[in-house]
Amino acid sequence: MFIRKLMFIVAAIILFLPGYTAFGVGNHAIADASSSSLALFPEPEQHFKNKNGDHAQKNVDRPKNVIFMVGDGMGLGQMEIARLFEHGKNGRLFMESLPNVALAHTYSDDNMVTDSAAGGTALATGEKTNNGMISVSPDKKEMASILKKFKQDGRQVGVISTNKVTDATPAAFTACVPNRWEGQSEIARQQLAGDIDVILGGGSQYFKPENQDGVDLIGKFKEKGYSFATNRTEMAEANGNKLLGLFHPDNMNFTVDRAEVKSEEPTLKEMTAKGIEVLSKGNNGFFMMVEGARIDHASHAADLTSVWKETIEFDQSVKYATEWAKENGDTLVVVLADHETMGISATEAMDIEALKKIGVSHEFMANQLKKVDRSNEYSAESIRNVFKTYADIDITEDEIRQFNENVKDKRGKVYPTRQVGWEIGSIIANHYHGGTLNSPTRSLSSTGGHTGNLVPVFAYGAGSEKFEGVLDNVDIPKIIAKLMGYEL
């Protein structure tokens, strides 16, 4: 009896030792309370085996390569929507199989809810800043990013995004500007000056003479030896050591819209593969940031169908990067979000099958609306047609009247198409019982509907065991810097 009591006391003490992760987030190793105390001491290599018993990753102190993957706006709710729509309640996303798991707080310096600029800055520099600021401190001092540390160390670097490459997240890793909305042309110039080896995404307008005081910035990239691509075929054929790919004047198209608009853009997975191909030509290793940006845009619109499609495309990119890391070793893959958007959740009443049948984004729907002649509102007929054609909803006269009110600002001017899509999405989500913030709450938000919810962090490969527990977003680049021996 005494021996049994002693064993339980020893086991209880071990459970409270610092760094022990038998329960909760951390390595996927859960102690069985019914087993002997020896189960509390698994062989270290058991933490890194997959279902087949093969070693899923190597425990290497210093990675040669880092692939840093950001699902913009991707909280646990977005992941759950994607999982249920794609795989059903018994299925799993690939990223959920990664062996190291944590959660992260995302607040900014001046707000309990971050925007993508301050969120990207925290992930890039390990420092908080105010919303709207990109890798610049609240007192306007420039801050170095982890990507720039890799570049200074003689490594290749790249950024990939389905957003504009000059927007918040890719910008935070490659540039420093005090105002995200006024600095995109300057960000493009800094990306040229910073010798970023791979840049892939949207935003070509900011590289053209009309936004560069007459200077052809794309031509300047070519002079520095960059291959240049405007579509997936040109990207696939590029074979140099530096690559600039700009596939849309603005954001790249939503996944769900590509067939409708006959897009020739590459997928995020294809861009990820090309980025790895180019950056791995160097002998010293690389840092590559990959952003699934339109998860956030879909969430702003409460567009659960696009949340599903964008998150799955991001998950496929994570799978490609992780499988490459398994084959090549000495690579750390970190998967996370900069913040959550719109409080997305899977509700019991949600009509998944109806939502899955929607074949275009709410942004696409907004572009099909037609205004009444000499009027500042959309025609009732076009509103009815859009909701019936694309969402199989018979919208009421009261809803049409409310819609035309909600898509105008305080001056009575209709919002840009993107925000008109937000209102379309809210009506559809409400009709099919999707869980999101409501329109009045979103309208009071300076971030357009971001939340302060904790976000997931997944890691695989060299040094991934460091990512566990509940972190702050600024901890993440600091962990990478420490692994690399850099000061950040």
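Cβ coordinates come from backbone N, Cα and C, glycine included.
No curator has checked TrEMBL annotations; they are predicted automatically.
Since the structure is predicted, the reported quantities are computational estimates derived from the model, not experimental observations.
Site annotation (TrEMBL, ligand Mg(2+)) includes Asp167, Thr169, Glu291; from Asp61, Asp72, Asp392, Asp394, the additional listed residue is Asp72.
In terms of Cα distance, the recorded positions that sit within 10 Å of Asp167 (Mg(2+) binding site) are Ser116, chosen from Ser116, His300, His450. Sequence-distant neighbours of His339 (Zn(2+) binding site) (same chain, six or more apart, CB under 8 Å from its CB) are Asp72, Gly73, Gly75, Thr106, Val113, Thr114, Asp115, Ser116, Gly119, Thr447, His450, Thr451, Gly452, Val455, listed in sequence order.
Annotation note: Glu291 (Mg(2+) binding site) sits in a strand segment as assigned by DSSP. DSSP assigns His450 (Zn(2+) binding site) to a strand.
Taking the Cβ of His300 (Zn(2+) binding site) as centre and 10 Å as the limit, one finds 27 other Cβ atoms among all the protein chains shown.
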